[in-house]
Amino acid sequence: MILVIAEKPNVARKIAGALSERRPIRKTIFGVPYYEVFRDGKKLIVASAVGHLYGLAPKQDFFGYPIFDIEWVPVYIAEKNKDYAKDYIKALSVLAKRVKEFIVACDYDTEGEVIGYTALKYACGVDPSRAKRMKFSALTKRDLLNAWRNLEPTINFGMANAGIARHVLDWYWGVNLSRALTHAIKRASGKWVVLSTGRVQGPTLKFLVEREREIQSFVPKPYWVIKLVIEKNGQKLVANYEKDKIWSEEEAKKIVTEVKKSKARVSNIEVKRQKRNPPVPFDLGTLQREAYSAFGFSPKKTLDIAQSLYEKGFTSYPRTESQKLPKNLNFRLIIQNISRMPQYRPYAHLLLGMPELKPVEGKKEDPAHPAIYPTGEIPGPGDLSKDEEKLYDMIVRRFLALFMEPAVRESVKVTILAGPHKFMLSGARTVKQGWLSVYGKYIKFDEVTLPEFFIGERVRVLQVRREKKKTKPPARYSPAAVIKKMEDLGIGTKATRAQILETLYQRGYIEGKKSIKVTPLGMKVIETLEKYVPEIISVELTREFERKMDLIMQGKLTKEEVIEEAKVKLTKILEEFKKRELEIGLELARIVVGDVKDEIKEEKPIVVGKCPKCGGDLIVKYNKKTGKRFVGCSNWPKCDVTYPILQRGEIIPTNKTCCNGAPVVIIRDKGRDIEICLDIKCKKW
C-alpha cells in the first residue's frame, strides 16, 4: 500500500477522485477523512495534513533572550488555537503504519515541501528520503494523472531545506526581537506590553516610515500653469502651455499678457500610431496589483481567493513569480471549454478559428510553477462566491487576451503658436481593439477625439487663464504598491508578502485600507530601532539572507551554514540591544505606556533572601549568553553562591528559608502559586 499525503482535506479529495479507477472509498479515523483508491493494481490511501502540522518552539520553557535552542513540535503546542491539527497528526501516524511506500502531494513550493517533510519525519516516523513526489500546478484530473505517471523519485530537498531555514530564521528574528522589545519596555516601565518585529516585517515598516517622513517634511511650493481655451466646430478645447510648471508669478503674468496680444494658429500636427501588445500572463504580484486596482482587494484577499480557485480546480497554482505558460499546456482544449461560458464565447470562437495559438509571455520565470491560468474546468451555478467570480473573470479574460492581436492606439498632438509661446492640445483613441475587446474592462485608456485641424489654421481663442497650484507631497503607498516595493527590494517571498502587510496592520503599526499611514507607534518603533540597533531593520541584511536561502534551494549552501551565520549575526545585534535595553525601553514606553519618567534609572533587582554563605543579598540575575535567569549573590565574584530557578512566572519572596538556609520563593504562573525551596536537593522538589 501507498500513503499519499496532500496539504489540505479538499485537495486530498480531488487527488483521490483523479487517481481512482473506480469510485474512491471515503473513510474516517479520529474524525479525519481519508480515501482508499486503486490505481495501476496498487492500493492507495490518500490522506492530508491541514496546512502546517508542526512548528518551531524552544526546547526549554523560559522567556529570556536570545534563544536559539529550538525544535519542531506539533503545531497545537507551538501555537494557540491549533488543536484541530491533533487528530490529523494522529491519523497520519496510524495510517503510516499500514503502508510501505509514501508519496508527498502537497503544494509544490517551499512551504508545501516543509509540510510534507515534517509530516513524514514526525507524524509518520519515516525518513523523508523514502518518499516520492507528485508535482503539479493545477488540480485537474489530467494534471494529477500526469503527476502520478511522472513521479519525482524524492521530495525536493533543496526546497525543503530552504523552507526549513526560512522558518528557523523567521523564528530567531521574530521571537528574539519581539522578546527584546517587550523586555525593554518592562524594564523601563514595569509593565508587560508586547511589541513585535521580524526579519521582513521591520524593513517593510522602515520604508513605509521613510515615505511618511517625506510627507511630513514636505513643504509645498507654489507654481502656475497656463491654459489656452479655444473653440473648434462649437467644441471647447483646453491646450496646455509647453512648460508644465512656471515657478514665477511674474513670468506667468507676462506670458498671459503676451498671448492675449497675439493671434493663435496651428503650427504643427503630430499623429502617431502605436501597437499595444497584450499584457503578459499573471504572476501573483501582478494579479494582486490588478485586483486591487479593479476591485479594491487587499493583496491578502487576492491570494486567499486565488488559492480557493486553485483548490476548487478552476485556476492554476497562485504562488508563482512566473510570467510564462507551460509548453505542453493544451491551449485549444482550455479555450474550447471556456467557450461554453456565454460571456467568453465570442472571444473564444475567434481564437479557435486561428491556425496557431501562441501566447504573449513575460520575462520572469519560476522553477516551481508556471504563470496563473484557467484550467478549463468550468464553474457551475453556486460554485463561486461573488468575489471569486470577479477574480476568475479577470484571470480568464487575461488568458484569452494573451492570444489576441495587438491593439492599435492613435495619439494626436496639435501645437498652437500664440506669439512666441506654444500650447499643446492632445488627443488619443483606440483605432483597433485587438485584445482590448476581451480585457479592456480592466485597462483604463483615455479616449479623447480631437476635431480635424490643419497646419497654419487660425484658432479662435476664448480665454487665456493663469492658475495657481502647489506641489504635492509623494503619495502614500497603497497595499498593492507595498507588495511591489517589497518585490523590488527583494524582501519577503511571493507567498509571505501579503501576510507581512497584514501583520503590520494587526500590530497597530499602520492604518488605512487604500492609503497606508504609519501610526505614531509604528513611527516610534522604527525611530528607536534606527537610533540604537539599525541592523534590526536593515533591508540589505534581509535581502542577503533571502539570497542565501535561494542558494540553499540550488544546493550551493547548506541550511546549517545559513542558520549558523544568522545565529552569529543576531547574537551580535542582541548584544548591542541589551547594552541599550533601558534606553530603548524608555523611548518605546513613553508611547505605549505613557507615564514613564524621563530620567534613566537602573531596574531594582528582585531580592529573594540573604546569602547563607556571606550574608549578601540573593538576587535574580540573567545569564548574558543564554538569557536564562538564576539567583545569585550580590557579592559576586567574591561569593559564588547561585541557585537555578524556573524560567517562567513571577518570583515572589516569602522571607522563609529551607535547606541549608536556601530561600523559599513563590512562583506565580497563569494564576497558580507554587512554593519552592531554591535548593534543588530539597526533598520538596
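Don't overthink the numbers, they just go from 1 along the chain as shown.
Backbone N, Cα and C define each Cβ position, glycine as well.
Range 658-682 is the one annotated as zinc finger, of 33-57, 383-407, 658-682 (source: Swiss-Prot). Looking at 176-204, 234-262, 611-639, the range annotated in Swiss-Prot as zinc finger turns out to be 611-639. The recorded positions near Asp107 (Mg(2+) binding site), taking a 10 angstroms Cα-Cα threshold over the set Asp170, Tyr317, Arg507, are Tyr317. Distant neighbours of the zinc finger (658-682): 608-610, 612, 618, 631, 643-646, 648-652; these residues of the same chain sit at least 6 beyond its ends, with a Cβ under 8 Å from one of its Cβ atoms. Cα of His52 (site 'Interaction with DNA') to Cα of Tyr317 (active site, O-(5'-phospho-DNA)-tyrosine intermediate): a distance of 18 Å. According to its DSSP assignment, Arg507 (site 'Interaction with DNA') is coil. Here the recorded positions are Glu7, Asp107, Asp170, and the one whose Cβ sees the fewest other Cβ atoms within 10 Å is Asp170. Counted within 10 Å of its Cβ, the other Cβ atoms near Arg507 (site 'Interaction with DNA') come to 20, all protein chains included.
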